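Colleague: Found this in Swiss-Prot, in case it helps:
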- Tyr153: active site, proton acceptor (ACT_SITE)
- Ser15, Asp36, Asp62, Ile63, Asn89, Tyr153, Lys157: NAD(+) binding site (BINDING)
Amino acid sequence: MGIQNRVALITGSASGMGKQTALRFAEQGAAVVINDIDAEKVRATVDEFSARGHRVLGAVADIGNKAAVDGMVKQTIDAFGRIDILVNNAGMERAGALRKLSEADWDVTINVNLKGTFLCTQAVHGHMVENKHGRIVNIASRAWLGGAGQTPYSSAKAGVVGMTRALAIELGRAGITVNCVAPGLIHTPMWDELPEKDQQFLLSRQPTGKLGEPDDIANTLLFLADDDSGFVTGQVLYVCGGRSLFAG
């Protein structure tokens with residue numbers, strides 16, 4: 001059945017994996033909502049998608065702010081009449097040894113990755129319950145299994161996995177599936193910001209010896225958002241080139 005004529009709200013979708021996911025969804029006939037905290041990036045992405053003939057809406061919002069999230073959801077429903085798919089993609093990382101991490105590092109990492117996922121899901125779920133249909137896909141990370149120097153990020157993403165499982169149980173009888181994708185090393189702006197020596201070290205521990213691409217994530221999200229994936233819920237799908245086979 002696909003996702004044609006469905007409405008997808010994708011957070012953090014003005015760049016990287018989120019943008020590629022929004023593009024894949026739009027190419028499959030969905031109306032997409034581009035969200036980011038950066039208004040200029042949102043505007044540029046909306047213009048790009050519109051020029052390709054896609055149905056698109058821009059929503060500038062800080063997903064860690066309840067009022068902003070509620071406003072974004074209202075904006076989406078006012079424009080398209082409903083929300084069928086939510087992809088909680090927005091995320092960020094503050095890495096470092098435990099002794100060097102500040103309270104602010106912890107707070108911002110939890111706020112964006114975990115609280116933002118909670119607020120967005122809470123804001124859309126009632127609408128999905130009314131429609132007796134919904135696809136919610138959360139982006140975790142292979143890092144939820146733990147990684148040195150990733151205490152805030154690993155904690156946040158482990159929370160996302162726990163939230164995914166709890167909500168799959170709570171919302172299943174309402175026709176809503178809740179799943180989680182755990183990417184490994186993906187070629188995104190976050191990757192490009194890493195020092196070359198860190199990139200080489202990480203790739204040396206990658207079974208495939210190479211990075212994944214945003215389209216690898218987008219295709220997995222497309223599968224989970226599809227109407228035909230209604231019997232898949234509460235799952236964590238690793239898209240990591242085998243990296244999850246190894247600890248640390």
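Here the Cβ of each residue, glycine as well, is placed from N, Cα and C on the backbone.
How about a rundown of where these features are and what they're close to?
Modeller: Look at Tyr153 (active site, proton acceptor): DSSP puts it in a helix.
Spatially close to Ser15 (NAD(+) binding site) yet at least six residues away along the chain are Asp36, Lys41, Thr45, Thr188, Pro189, judged by Cβ distances under 8 angstroms. Classification of Ser15 (NAD(+) binding site) by DSSP places it in coil, neither helical nor stranded.
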Colleague: Ranking the binding-site residues Asp36, Asp62 by other Cβ atoms within 10 Å, which is at the bottom?
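Modeller: Sparsest of the binding-site residues Asp36, Asp62 by Cβ contacts within 10 Å: Asp62.
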Colleague: NAD(+) site residues Ser15, Asp36, Asp62, Ile63, Asn89, Tyr153, Lys157: biggest Cα-Cα distance, Å?
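Modeller: The span, Cα to Cα at its widest, is 20 Å.
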Colleague: If one looks at the chain holding Asn89 (NAD(+) binding site), which residues at least 6 apart in sequence have a CB under 8 angstroms from its CB?
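Modeller: Residues satisfying the criterion: Ile10, Thr11, Gly12, Ser13, Met17, Gly18, Thr21, Ile139.
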Colleague: Rounded to an integer, what is the Cα-Cα distance in Å between Ile63 (NAD(+) binding site) and Tyr153 (active site, proton acceptor)?
Modeller: 17
